[in-house]
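Presented below is the structure to which this report refers.
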């Protein structure tokens with residue numbers, strides 16, 4: 001039995017060595033196990049060589065099994081890779097099929113397919129046909145299309161839009177041809193006439209202008225047609241025809257012709273004004289300044305953006321002053337004279353760059369323009385009043401000059417307009433320079449210099465307060481409502497008195513009463529100007545509350561609140577200073593006062609080159625009569641004051657004129673306080689407004705709540 005099992009193992013080992021399968025090896029192992037399970041002792045008769053041989057056979061069998069497993073794994077991996085490649089190829093084929101289907105659909109949508117219904121091709125046919133072969137349809141063809149009823153309403157609308165666009169193109173082409181013919185005729189006429197080189201330059205500029213307009217219109221039409229073809233531009237039933245729509249953004253042919261006429265007339269006006277350099281007519285200078293603005297605007301390559309002509313007014317003004325640097329009202333002596341700017345610019349191009357960058361169209365510049373408009377309106381009103389006053393003074397002095405001791409030459413040689421203009425230019429320091437007041441020499445309009453003044457030179461306190469009240473106009477709810485957003489955003493001092501602002505704050509409250517902190521909050525909420533320098537203006541608010549009789553302090557649950565007594569507020573009307581004997585009594589003597597006034601008047605008239613008051617004509621009897629009339633008026637006022645001194649009321653004692661006038665005694669209101677300032681006083685007056693200017697000479701009374 002042992003020999004048979006050994007022979008079996010040998011035969012099985014040889015079979016494994018010869019490349020037999022792993023199944024035979026398993027059978028061999030099973031046979032060995034069977035022999036061992038029989039209970040016999042197999043290891044007794046086996047030698048060491050047999051055991052080594054058996055071990056080698058087992059190792060060889062394991063190696064063969066491993067090789068088989070590796071081969072199976074490699075085959076599986078190859079199969080997976082092949083499957084992935086097949087899937088990728090299928091996906092690519094599907095994508096190609098989808099693309100082909102899309103192309104076929106696009107081709108089919110462009111053609112009229114009989115298999116589909118009439119609605120689907122009806123929406124696409126006119127657009128594709130118009131893109132391929134745009135042609136104008138005659139009325140007969142349109143009637144045939146309507147009779148056959150082949151097209152749907154949407155398709156008819158698209159077709160009409162395309163036809164209108166084509167008609168517009170034809171109209172533009174005809175207009176362009178006419179314009180080119182006119183240009184050629186004008187060029188031929190100028191060449192035959194043998195005009196100056198300057199006129200030839202103007203003609204070339206005009207030609208370039210026309211070419212640029214044509215290019216702009218063509219680009220605009222192409223853009224609109226592309227939008228229409230893509231379906232982005234449609235026409236509603238209530239809208240006008242298409243030929244007027246694209247030109248509404250730019251210019252219609254009539255506007256182009258009008259602009260062409262303006263350019264030609266402006267250039268001719270420029271030639272006429274250039275020959276008359278000595279003329280000072282304002283209209284001619286305006287025309288000459290507008291002509292280079294248009295030409296430079298057209299020739300500027302940056303003046304057109306996105307095919308549209310930019311006609312912004314500040315740009316035109318800045319370009320118009322490139323050829324006239326000395327005439328720009330916002331530039332002088334190397335400084336930008338925009339209100340509140342005063343930036344130093346080395347030359348005029350630097351100023352233009354600064355003007356376009358710093359003072360562009362934004363909220364801050366708009367707010368400054370609004371404030372400047374208010375300042376100009378107030379100054380115009382003041383100028384009208386001063387002109388009336390000056391006319392009355394001139395009439396009165398003319399009557400005085402007809403007396404026997406006066407000169408035979410009448411005083412009306414100097415017109416009231418000339419005198420008012422020269423007088424206003426004589427004292428530029430009296431112009432109230434707020435942060436938004438222009439610093440350019442634009443003929444500052446001030447209160448006219450008073451020839452017969454009734455203000456004492458020693459009472460500087462009341463004069464300064466009167467000057468401040470003259471500028472601060474009375475407040476009204478309409479003024480705040482109109483400029484509410486402006487005052488909230490712009491750091492501009494409101495042109496109102498503190499008393500008027502406090503009254504407005506109290507009246508706007510629901511209970512018609514406010515605490516001090518609530519008044520502060522109203523100031524900071526309504527005006528951006530009061531959000532800084534709180535200590536200064538809060539001090540002025542406390543002064544006004546404590547010193548005005550119209551503000552009444554009431555104790556309640558909250559503490560101390562302030563209310564307004566309207567009766568007392570309406571009583572705040574100043575009396576004419578000419579009727580106050582206490583103020584007139586404290587004036588200086590007529591000779592001491594008339595000497596500096598006469599000198600200031602002579603200096604102002606001499607600076608303005610008025611023939612009647614020049615240094616050469618100082619010996620004129622008219623000036624002497626004027627001075628004598630001034631002395632007579634002053635002497636009469638002094639005598640009247642001395643005679644009526646005993647009749648003065650206790651509240652108007654002479655002691656009040658020595659000290660600054662208390663507001664409770666004479667609160668001045670801007671509507672009636674029209675007494676003009678003297679030249680000496682206004683020259684010494686600082687133009688900058690202090691926040692507590694109204695009561696700066698009085699003690700501070702702080703209300704602690």
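Cβ from N, Cα, C; glycine included.
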Matching range for Swiss-Prot feature annotation, zinc finger, among 178-203, 204-229, 230-255, 334-359: 334-359
Annotated stretch (region 'Disordered', per Swiss-Prot) among the listed ranges 1-41, 42-82: 1-41
Which range of 410-414, 455-459, 460-464 is region 'CTBP1-binding', per Swiss-Prot: 410-414
Correct range for region 'Disordered' (source Swiss-Prot, candidates 121-153, 418-450, 484-516): 418-450
The annotated region 'Disordered' range in Swiss-Prot, which must be one of 267-286, 527-546: 267-286
